[in-house]
Amino acid sequence: MLLPIGRLAVIRSFPPERYLPALTFVAIPGLVGPLIGPMLGGWLTESASWHWVFLINVPIGALGCAATAIYMPGEPLPGSARFDFLGYLMLAIPMLSITLALDGIAEFGLTRRAVIGLVALTFAGIVMYCVHATRVPDPLFSLKLFDIRTFRIGLLGNLLTRLGGGAMPYLLPLLLQVSLGYSPFHAGMMMLPVAAAGMAVRPLAVRLITACGYRTVLLVNTLAIGLTISSFALISPPQPPWLQVTQFALFGAVNALQFTAMNAITLRDLGTAGASSGNSLFSLAQMLSMSLGVTIAGTLLDQFMETFGRHTHSQTLTAFHATFACIGIITASSALVFARLTPEAGVMTVRSSPAKEG
């Protein structure tokens, strides 16, 4: 809930031509968590207990509430429509059912017939929502949003690309601890290059996208992400530490560049009227794809462990290698989506003058 609200505040405060630098700037503080979180979590797990990984969020959340009460404006948005509760149910049930379908066989022991039923329920719910959205004046997400070419392409590209982005925070710590024998703290330390490289590349991303355009950056960088994820299939215990750090940092850099470009191109042409609905749908797609990324990665890893074995480090490492290769291919395939962007989908001129409050 916090992600779409915070991004909507940025969208309503800046004109479209300043979305790219604005969204890039506000994303940098958000990388502090991924920078220190894995290391702090590993230290808390070893020094205290795993419970503190969750309890540490209580004081941080209290500080966030205090900052929100002090600095965020409290005026309601003009012309707010009633919440489309029926439409919400029509979308919430399919999102839950598709997640259960992907996890069903491996985690819950569901029969294939039950999984097929869940998939059918997913499609039925989406069709019902599409019919519902054409009959009510203020649907949860207007179908007219899909008339916007950049939003349509950006949303689908986000959905596919973030499957890899969602899988990696799940797979990498597991790889380091299960197959390479790292301690939780050491595994957390290895995630530092990912976040640090992401923070370093964010300011450069604006210049690169401005110079080359969204289409070129997204095409090349999507393939780079796929190759980088697949490169983890080469990781092994004899690999020198500096090479592992370089590998992790490279993934963090291309991943941050990808998210910067995808976020900006998806939201750029929504306009004031579609900002709230489009931003919410975009956030829903993000959360869904990251959740599905973990689910797909877990399912693949479980199936490969059934194939190669799970009793020795060598067997589990082979299963991880195969999983990384598959996730890399899935991620790289989203380049086909971004290829549909026209060469004219460049970057609006970025003004240096302050944005007027909207």
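Placed from the backbone N, Cα and C atoms, the Cβ positions cover glycine too.
What you see is a predicted model, and the numbers here were worked out from it, not measured in a lab.
The domain 'Major facilitator superfamily (MFS) profile' annotation in TrEMBL covers 1-346. Feature annotation from TrEMBL assigns transmembrane segment to 20-44, 50-71, 83-102, 114-132, 184-205, 217-236, 248-267, 279-300, 320-341.
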Non-local residues, at least 6 beyond the ends, that sit with Cβ under 8 Å of the transmembrane segment (83-102): 108, 110, 115, 118-119, 121-126, 128-129, 132-133, 136, 138-141, 284, 288, 291-292, 295-296, 299
Range from 50-71, 184-205, 217-236, 320-341 with most C-beta pairs under 8 A to the transmembrane segment (248-267): 184-205
For the domain 'Major facilitator superfamily (MFS) profile' (1-346), the mean pLDDT of the predicted model: 84
